[in-house]
Every structure is written in C-alpha cells, then in structure tokens.
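If you look up TrEMBL, you'll see Gly28, Ser29, Gly30, Lys31, Gly32, Thr33, Arg142, Leu187 marked as ATP binding site. Look at TrEMBL and you will find 48-77 tagged as region 'NMPbind'. Annotated AMP binding site per TrEMBL: Ser49, Arg54, Glu75, Leu76, Val77, Gly104, Tyr105, Pro106, Arg107, Gln111, Arg148, Arg159, in sequence order. Residues annotated as region 'LID' in TrEMBL: 141-151.
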Amino acid sequence: VGEGCQGNSIVYKSKKAERFHVKMGGPGSGKGTQCEKVVAKYGYTHLSSGDLLRAEVASGSERGKTLQAIMQKGELVPLDTVLDMIKDAMIAKAGVSKGFLIDGYPREVKQGEEFEKKIGAPCLLLYIDAKGETMVKRLMKRGETSGRADDNEETIKKRLDLYYKATEPVITFYTSRGIVRKIDSELPVDEVFGHVAKAIDDLK
Ligand SMILES: Nc1ccn([C@@H]2O[C@H](COP(=O)(O)OP(=O)(O)OP(=O)(O)O)[C@@H](O)[C@H]2O)c(=O)n1
Ligand SMILES: Nc1nc2c(ncn2[C@@H]2O[C@H](COP(=O)(O)OP(=O)(O)O)[C@@H](O)[C@H]2O)c(=O)[nH]1
Ligand SMILES: [Mg+2]
C-alpha cells in the first residue's frame, strides 16, 4: 500500500499520505483499550490481528479450527495467514480510511520485515509498556468475563514468555529507526491515553 515512516503501536505513512500506526505491547498491557480511544479521537481504522483471527475462529471454518488450536496453546499463527488477513482488511478500507492503527502485529521481527515488503513501513510505533505481573493480573481479571480460551493461567504464561522472546526484539528493531514512543501503561487509562495522544499529535 505505501511507503513511509515506523511500532508496539506503529504509524505507517503511505504514498497517499494515509497513516499507519502500529500498537505493540505485551498481552494485557492495554493495547485494545488504548486503540478504542484512539479510534474515538482520531477516526483511524483499528485492525487487531487477534480480533481478525478470533473472527475466523468464530466463523467455524476449517481454517478457524486450525487457528483455534494454535491460539489456545498461546503459540503464533503462521506469518502469511495473519499478514493476508491484515492486508485484506486494509484493502477493504483503503479508499475511506483516515489511517490505520495496527494492534498486535508484528509479533516477531520477521513479520515486521514481511509487512514492510508487502504493505509499507510504519512511522510510529506506540509501545504500551506494563510490568509482567501487571499484565498477568489484568488478563486473569479479563478472563473472568472475556470468554477467551487463552485467558487462563497456563496460556497466559506461555503468551508472556513468547512476548519477551519473540516480540520485544521487534521493539528493539524499530527503536534503531527512531520511531518508537514508549508509553507507561501502569498509569490510569486516561493518563495513558494522554501520552498516546501526545505521541500521535507530535507526528503532525
Ligand atoms: N499477529 C498475531 C496476533 C495474534 N496471534 C494469536 O492470537 C492470540 C491472541 O492474540 P491477541 O488478541 O493479540 O492477544 P494478546 O496480545 O496476547 O492479548 P490481547 O488481546 O490482550 O491484546 C495470540 O496468543 C496468538 O496465538 C498470532 O498468532 N499472531
Ligand atoms: N488498571 C488499568 N487496567 C487497564 C489499563 N488498560 C487496560 N486495562 C485492563 O487490562 C485488561 C487488558 O486490556 P486490553 O486492552 O484487553 O489489553 P491488550 O491485551 O493489550 O489488548 C482489560 O481488562 C482492561 O480493562 C490501564 O491503563 N489501567
Ligand atoms: Mg487486545
């Protein structure tokens, strides 16, 4: 789609001057919560790779069954599957979107490289940072009502391990490009959002 700029949230800028923001951070750090607020204020299109995958599972398709087994174990779905879903969702909105907010992708450095080859380079990565113990506490609480098969103690531990091993290096990768804004997510939701909004406004 485009060319341009930088990702735990990443903002991409395309040839058409659309913007692509990427939001990253560990499971339960508050990405989804902050994305909703960004959508309300800036009107960007929110693409959560996890939500796209869960929609495929909910459809009951054969592919969804395979995905569910991977997600229940807290492992990563193959790169091409997620990238194709994001790309299709972006193409569907390309004409009408003010910009894209990509949540929970890339999960590993290789995914980031493929995203740039097929879609474009981001110009802002919002890194929503919370402590491991905070993320576990939030996810256990969310699990009381989320109905998500992966919000249980055993899978949460695996998701966190994989986050530190595979996903944190993505942040290091984009830090070297100077597009990362680290946001402290231990603060109350509205204060976190104040910092998120400032990072986005600073791009303008
Ligand atoms: N790019 C992605 C996004 C998600 N997943 C799979 O979907 C699960 C849930 O992803 P997501 O909804 O992004 O959850 P988390 O970031 O772990 O937590 P949260 O919903 O709280 O953001 C992951 O554990 C993983 O199995 C994946 O493989 N690749
Ligand atoms: N105390 C507190 N809780 C939060 C904050 N952000 C999110 N949460 C809660 O933490 C849980 C995980 O948040 P979510 O947005 O789903 O995180 P994600 O996994 O990164 O997408 C939810 O139950 C939220 O209500 C925050 O800034 N402060
Ligand atoms: Mg989420």
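Even glycines carry a Cβ here, placed using N, Cα and C.
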Looking only at the region 'LID' (141-151), what is the mean pLDDT?
96
Please count the residues of the region 'LID' (141-151) that DSSP assigns to helix (H, G, I), strand (E, B) and coil.
6 helix, 0 strand, 5 coil
What whole-number Å value do you get for the CA-CA distance of Thr33 (ATP binding site) and Tyr105 (AMP binding site)?
16
Can you list which of these binding-site residues (Ser29, Gly30, Arg142, Arg148, Leu187) have a Cβ closer than 6 Å to ligand 1?
none
Identify which of the following binding-site residues, namely Gly28, Gly30, Gly32, Ser49, Glu75, Leu187, place a Cβ less than 6 Å away from any atom of ligand 3, and list them by sequence position.
Gly32
I want to check the contact list for Tyr105 (AMP binding site): same chain, sequence separation of six or more, C-beta distance under 8 angstroms. What comes out?
Val22, Ser49, Val82, Ile86, Gln111, Phe115
May I ask for the distance between Lys31 (ATP binding site) and Arg148 (AMP binding site), taken between their Cα atoms and rounded to an integer number of Å?
16
